[in-house]
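All remarks here apply to the structure that follows.
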Amino acid sequence: MSGPCGGEGDLRSAPPGETGGGEVGGGESGDKSSSEGVRAWHEEARHVDTTWVSVQVLDVNDNTPVLTHAHAARTLAEDTPLGTHLASFPARDADAGGNSSVRYVVSPESDPKGRFGVDEAGAVVLAGALDRETARAHTVLVWAVDDGTPTRTATATLTVEENAEPQVVARVKLGDRDSWGKGHGPPFTLALDPRAPPHVAAVIKVSLDPRGDEGRGVGVVETRASLDREAGRVVLVPLVVGDAGRPHAHTTTVTLTVHVGDVNDNPMTPASKSVTALTLKAFQGRQLPVVVSDVVPLGRVYVRDPDDWDAAAKTYSWRGSEHPNFRLDTATGHLTMRPATGDGRYQLGFTVSDAAQGQFGVKADVTVEVRSLKPHDVSDATPLTLEATPYEVVREEGSGSVLSRLVGAARAWVTGGGVGVMVVSVEPLGREPPQRTRLSEAAGVTIVQVGVGVCREGRRPGCGGGCVLRAGLSSQFSVVDANTSAVAGPRLALHTTCGCGGLPAGHATPCTAGTCLNHGRCVHIATRARCVCPHHTHGPRCKVLARHFKGGHNQHGWAWAPPLPACAKMHLSLEVLTRARDATLLYSGPDRPPPTPAHHAARDVVALELRGGRPSLLVDLGGGPVSLGVDTTAPLSDNTWHRLDVLWTKQVVLLLVDLCSGGTMDPTPTPDVSHNHSTTALPQPPEPHTCRARGRLTAGGQFLDVSGPLQVGGLAHPPPPHVEYGWPRPLVHQPFSGCLRNLRVNGELVDLGHGLLDHHSAPGCPDANCASKGLSCGLHGKCGGSPGSLRCDCLAGWTGDSCTTPTQPTSFLPSSYVRLALSFTPLPHTASLQLRFRTRQQDGQLVVLSSQHSRDRLALQLVQGRLCLLLHQHPQPQRSLCLSRVRLTDGRWHVVTASRHGSSTLLAVDEGDGELYNASISLSGSEGATLLQEDRQVGLHIGGLPEYAGVSVIKIHGDYHDGCVDDVRVSGRVVPLPPAANSTPWGQASMFQGVREGCSAPPACANVTCRPPLICVDTWRSYHCGYDFLDVWGGQVLSGTRDTCEDEDECAWDPCLHGGTCLNKPSGFLCQCASGFSGRHCHLPGPADTSLRLSHTALVATVAWSLLILLVVCALLTPPTPPPCSATQGRASQGERRIHVWNVGTNASLSINVFHEALIECMVRAGQTVFGFCRKRWRQVPGWNEFVREAHSAARESFLEWRAGGGPRWGPLAERMRSTRASFKLCLRWCKSHEHQLRAQSLADKLASDDSFNFWRGVRSMKPGLHTLPLRVDHAVGEEGIASM
């Protein structure tokens, strides 16, 4: 630097040790310059000036790529196929924040003929043919080169043949990373370590050629005598290398691995081999997702021979006839199979000859067991990375192979020892992941990784929203051969894609082992899969949403959920019920101390805990840890449900408690606040610091790079050391006792049911179960509240004290609306809306909750078929939250739940999972203005929003027409829905127009004719032509010619739960349920279930009235006169007039069914005796058996179910009853309108079957002049087809 008077200063970095331990931080650094020193500053301040110097620290390339391992050795046969994977040497460079790229090169000097190649991941493969006569050993140097300067990394592979004369086996060139100009380089030294084992020193000699490598020095490694492979296949040679450093030389010890070869000096003996071949098969006529290879490799035919290198000297042939599905390479002995080979066990015989040994026709037996896999068996498989060679994995030993022990251990842990775990592929890895163990003790091998791993940042550049690593199918098969055993199967391929986990929109999954959870049953219908779910499970996949943990003294409960996805924007939420003050709720991070050196370990972690009853969060995405805590007004360990939300995006992380709603997350109705008490103080929202905490993530990472499971409710391992990972404090390791529910990851509900690996935990929450507390909610109610305040809430569409009465919907016509005045005031900072609707209109307003003068509004609208929640808080702009990936205008009933908590809004439809759920939570922490002020007249609008001119309505905005609305609730309170109900305790209809009771629609099939045998199915304001009489579960499918219907055996899908027996029927199926279960699939609790059992008082009353009715009926047994229609038919015999006396015992509840049967029998026989009965001759309907009988059976079955359910006017039972009855009548009308054609068809069938008697009988009964052609004759259909026969 130079000053204005010519003075100069020199600013330099201080050498290490002279800075006093100071550190350079971000920002600017100040430097004061003076020629007089520090004292002159005070003596003559006017001669002192100040300048600011900005020092920018640059990252130089001062780190060498670090290899996971530097040495590997392999022994290869001369006929090893090209492309064989030999070893992997992945490297990582710490420069550029760990994002420096590394490329790999094979040293040309070590491989002058190009026999070896290396890919971009450091995997070395055989690229050229081996020739034992040309070179018996190869030393290959692989360089890992970073994108800076300098570059250096090397590894050696060496092979030495058996019984070789003393010879030089390696010439080792040396190098040094230090500055050679300062004397830290050549000449180098190399010698055998004096501590080498005696057997190594006896056969290996090491010397130094000082003039080699231009005077730098070359180490010469040679053998003293011949090596015996039978004594050992590997010789480890310890070498001491050093430089010419001054004043002291630096030395280190390296190990050279020498693999001993073999010569053909042992005879062959017969042997057998077992091969497991896993093939891919198409399922349900679907094509495979990839074009598979033409052959499946099965390995080489095996005979016992200690000389394992001389395969080229052997010849192979079939023993007996050749199998058409298998092919033998007679020169190499490799066996292949056609992929289309059927499942089963195949016994194959071969002979092996070796002319060099003078042996011919040595027997070799191969047993091939073929098992077919479905494509989803491979795509849904979980890869395990083992710390073992493929040969060691499949080799059979005394206790079985590592593979069989691993499968047995997995079955014991996952399925309790049953089946359900299988191997789909074994193949070399080609990459080396970081070490970690699981199942190690049971399998006897270290498992270094479970799953496909994590998509590390930087692997897929340009993925700003997230990165997903998925396993898929490749077009090739792989085989791992261990001489006496081999495993062949489809090869997996890992694909890196941009995204944030989950399946893409519109992805239709077939029935797989994981489609339906928690004992649900998957049934394939047409082109989609549907789950039959047990009672108390949730959503289309039968998820269980709650889990309890039995923490206590020395009992640490935990459960493993799927890993968190690598997303730039993450939202985790869950609800917790506990009395524990210190516990781990969620954890995703390392499970062991970091490896050495620790700075290369992955530090990513997220941990949600309770500390002193208050939530605490630790997040580290790679840039450094952020710790947050919320000082709530009261601890959350109060045995009440509380909700916790964790969000991070754009370097901001947020922890939210109860959505800042000012209380628990129990969906209790809004407290009563009457309009007549305007002075009543409403509950106020909490202070922000008592319900939320916000922090900033340091730069360095955007995704959570953790491949391990999400641990719920505790840790399955000791807490990792916080100091070594740089965390501010240790993790909580206290046992958690309580319940967790509604765990969501980016809106997707996590199943907490029976499929999780767990310890001291189980599905459900007994403390919050109404049934366990003696409170029955029935089939149409759900349990709500916390322990001590449990209650039953009716599901949408049901009402009444026992939730057994269907609600009454309202149809909205064009220019319709309903205006309601609420009799209560929703809380100003939180409100919720719930309703049912069905429509096919794409746009319209469903409901609006508004404040005075409509300045603030919370509205539900349909926008182009999508549901949106609109929030307008004056004077802020309007915000919207939509379900943009699903259309809800399909004519079906949908349940909508929307809520607002401060600045947060939630929107859910139906089961509220995945695409049917969305949430908007502000990261800034600004709480919105008060949503609702008291408005006694215009608090709620249902349907369109009217615009007035004086007292007249001139326009309807957002007109919701040709649709229905049902069961509207505001903050948990049921409001009236005219015209069926004009008032409830919580509101009154002030004005409405264009609405009518019910949700009927004009018949859509009135003027529709479908091509036989299809029928028109009315789907509410729409229709389709189909063969599905039930329109849900099928029964028949079109034949291949599409002109007839064929029965589909639904029982093949096993649709009956809980031990029910399936009976296939032409119109579908029927489940005969075991005791205690009911419903179409035996999925509901039956009369024997405690939740549906009659009380003792009701049971006694039922028995008493039934006895009275029985006595009255029995008194009518003696008829005064015979019945007018047929006295002889109406007169019962003495045996028929006997009355079975039913003895009511003390245990009436066990005899109620017997009494019911006796009562029905008595009434039927009494009616026959008193009134007689007439036999009506039914008119035969042509085509009944072929076209009508199935529809009639389905209609009658649904009618009986509807009547048994109380005959509801609305709901699923009523809709199904109407639909099946309409289908039956439609089939009957069609048969009647085609009566003559069907009679002609019947005659044609009888004639074709040589039934002459019934043929001429039918001809005689036909009316003259009404003849017509049949529908078909044999396989000919129509007039032209019949005429051209």
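Glycine too: its Cβ is placed from the backbone N, Cα and C atoms.
The record in TrEMBL pairs Cys803 in a disulfide bond with Cys794, which is drawn from Cys792, Cys794. For Cys1082, the disulfide partner recorded in TrEMBL among Cys1062, Cys1073 is Cys1073. Broken down with DSSP, the domain 'EGF-like' (1047-1083) shows 4 helix, 13 strand, 20 coil. The shortest Cα-Cα distance from Cys533 (disulfide bond) to any of the disulfide-bonded residues (Cys794, Cys803, Cys1073, Cys1082) is found for Cys1082. Taking the C-alpha positions, the distance from Cys794 (disulfide bond) to Cys1082 (disulfide bond) comes to 22 Å.
The Cβ of Cys803 (disulfide bond) has 19 other Cβ atoms within 10 Å, all protein chains considered. Separating the Cα atoms of Cys803 (disulfide bond) and Cys1082 (disulfide bond) is a whole-number distance of 21 Å.
In this structure the C-alpha atoms belonging to Cys1082 (disulfide bond) and Cys542 (disulfide bond) are separated by 15 Å.
The number of other CB atoms found within 10 A of the CB of Cys794 (disulfide bond), across every protein chain shown, is 22. Ranked by how many other Cβ atoms sit within 10 Å of their Cβ, the disulfide-bonded residues Cys542, Cys1073, Cys1082 place Cys1073 at the bottom. Cys1073 (disulfide bond) is 20 Å away from Cys542 (disulfide bond) when you measure Cα to Cα.
Each residue in the domain 'EGF-like' (507-543) has a pLDDT score, and their mean in this model is 79.
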